[in-house]
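As recorded in TrEMBL:
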DOMAIN    36-465  domain 'Major facilitator superfamily (MFS) profile'
TRANSMEM  32-58  transmembrane segment
TRANSMEM  78-96  transmembrane segment
TRANSMEM  103-123  transmembrane segment
TRANSMEM  129-150  transmembrane segment
TRANSMEM  162-182  transmembrane segment
TRANSMEM  194-213  transmembrane segment
TRANSMEM  285-308  transmembrane segment
TRANSMEM  320-338  transmembrane segment
TRANSMEM  350-374  transmembrane segment
TRANSMEM  380-399  transmembrane segment
TRANSMEM  411-431  transmembrane segment
TRANSMEM  443-461  transmembrane segment
Amino acid sequence: MAAAAGAARGAGTGTVRTDVPARMDRLPWSRFHLLLVVALGITWVLDGLEVTIVGAIGPVLQDKRALGLTLQQIGGAASFYVVGAVVGALVFGWLTDRFGRRLVFYATLMIYVAGVIASALAWDFWSFALFRLVTGLGIGGEYAAINSAIDELIPAKYRGRVDLIVNGSFWVGAAAGAGASLLLLDPNLLDPDFGWRLGFGIGGVLGLGILFLRRYVPESPRWLVTHGREEEAERTVAEIERTVEAETGKKLPKAEGILEVHPKTSFGFGEIFASMVHKHRGRSILALVLMVAQAFLFNAVFFTYGLVLAKFYGVPENKAGVFLVPLAIGNFLGPLLLGHFFDTIGRRRMIAGTFALSGVLLMATAVVFGLDLFTAWTQTFAWIAIFFVASAAASSAYLTASEIFPLETRALAIAVFYALGTGAGGVMAPWLFTHLIESGQHWALAGGYAGAALLLVLAAVTEWKLGVDAEGKSLESIADPLSKAG
């Protein structure tokens with residue numbers, strides 16, 4: 001293994017000199033990193049699976065043989081989930097920065113699995129709503145803990161594409177969920193009160209398997225160094241280096257770059273928010289605009305598309321999955337195929353470009369829809385083209401929030417902007433677009449689409465003006481740690 005300075009504490013100064021970040025960033029891609037991505041990122045697949053099934057089971061839950069819920073109760077349960085996700089993100093975001101990435105991503109996954117399995121056993125509205133709240137707490141916490149851990153463990157030159165693919169993997173689960181709903185909710189195959197429960201149960205069992213995989217994911221060495229655990233950080237990095245050398249069969253090059261920090265076991269809310277609101281105000285505005293724009297788009301368009309198919313094209317609700325599966329696949333292919341360019345062409349150009357192109361395509365689609373020129377399939381193909389680009393843009397919003405703030409605030413920053421984006425997009429957009437859809441007027445809904453398009457263009461302009469050229473750079477050079485010496 002290449003010689004490294006490790007982490008050394010200056011005599012009597014409280015300063016730690018460390019090359020841990022440089023050593024992590026110079027690692028080649030290896031099986032270790034692939035296992036890391038699977039163990040942490042698979043949660044998004046499960047979330048996509050579960051969220052899509054939930055969206056499809058509304059009519060089934062109204063069946064007296066199931067839970068016999070009203071439409072208002074189904075909407076209320078969805079609101080419980082959103083509230084749980086927002087609260088979970090904020091609470092576990094702070095805990096992730098305070099107690100470490102590893103402890104929290106174990107806890108959040110266990111909470112998520114418990115909520116999903118409990119949802120399968122619900123017996124009335126209040127039990128179902130409570131269990132959806134618990135599920136939301138877990139998934140909100142996952143967004144903060146997982147994105148921060150992946151950013152800090154993945155080498156700098158791969159960080160962009162990996163982040164996009166991980167966040168985009170939600171749509172693998174969504175495609176699977178849409179396909180599974182065609183079977184699970186078919187009354188000719190399964191009893192109405194069993195199919196939807198089975199869907200939740202499968203997700204819970206898969207989540208238990210992911211808990212096993214996470215045993216192999218270490219704590220972030222970067223977090224350890226800044227929190228006064230430099231010896232543990234050194235052991236962790238040395239073990240990762242040995243693993244990578246064994247897997248690649250090559251000696252690692254010498255790491256270049258020393259960071260000096262004043263470690264602290266905790267950082268107060270005052271320090272954290274001063275960093276976000278004052279020192280990094282422009283970046284906070286950027287993250288907020290990107291997160292709100294992408295959340296509004298997906299909650300306004302994708303998650304209401306089943307209603308559009310039923311209202312405007314007469315597609316039965318139990319057949320919506322036929323249209324949603326290819327749409328979800330297009331959503332995943334965007335980050336998968338475009339992610340590489342966020343590391344090569346660069347963040348600012350690709351983020352601004354994907355948001356702008358999504359907005360232009362959505363505006364054109366709004367006009368065609370307003371003229372009533374679509375069929376169910378031609379509109380679906382239009383959405384596939386839009387979301388191929390927009391899904392990469394949306395994933396880049398999470399990438400932006402997770403890499404442009406100091407290490408000590410990273411998880412909480414993700415949580416804050418996820419919560420604000422979810423609050424704006426996850427609450428306002430469905431409410432607004434449900435009313436537009438219920439009107440049955442093509443131009444009314446087209447106006448909503450046009451508004452979402454303008455929001456995407458605003459996000460593109462904001463990125464171009466305030467964006468950070470973070471491609472290929474270490475996290476510490478993008479934003480100085482709060483604990484940096486000097």
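Yeah, the Cβs are placed from backbone N, Cα and C, and that goes for glycine too.
Note that the coordinates shown come from a computational prediction; the quantities given were computed from them, not determined experimentally.
Put simply, of 32-58, 129-150, 162-182, 320-338, 380-399, the stretch with the most CB pairs closer than 8 A to the transmembrane segment (194-213) is 32-58.
A contact between the transmembrane segment (411-431) and the transmembrane segment (350-374) is absent, since fewer than 3 of their C-beta pairs, 6 or more residues apart, lie under 8 Å. Note on the transmembrane segment (32-58): residues 71, 74, 78, 81, 105, 109, 112, 116, 132, 135, 139, 142, 146, 149-150, 153-155, 158, 162, 165-178, 180-181, 184-185, 196, 199-200, 202-203, 206-207, 210, 213-214, 216-217, 240, 243-244, 247, 303, 306, 317-318, 320-321, 324, 328 of its chain, located 6 or more positions outside it, place their CB under 8 angstroms from a CB of the stretch. Sequence-distant contacts of the transmembrane segment (285-308), counting only residues of its own chain at least 6 positions beyond either end whose CB sits under 8 Å from a CB of the stretch, comprise 55-56, 317, 320, 323-324, 327, 331, 351, 355, 358, 362, 379, 383, 387, 390, 393-394, 396-398, 400-401, 404, 413, 417-418, 420-422, 424-426, 428-430, 432-434, 437, 445, 448-449, 452, 455-456, 458-459, 462-463, 466-468. No contact links the transmembrane segment (380-399) to the transmembrane segment (78-96), because fewer than 3 Cβ pairs that are 6 or more residues apart lie under 8 A. Taking pairs at least six residues apart, the transmembrane segment (129-150) and the transmembrane segment (78-96) share three or more Cβ pairs below 8 Å and count as touching.
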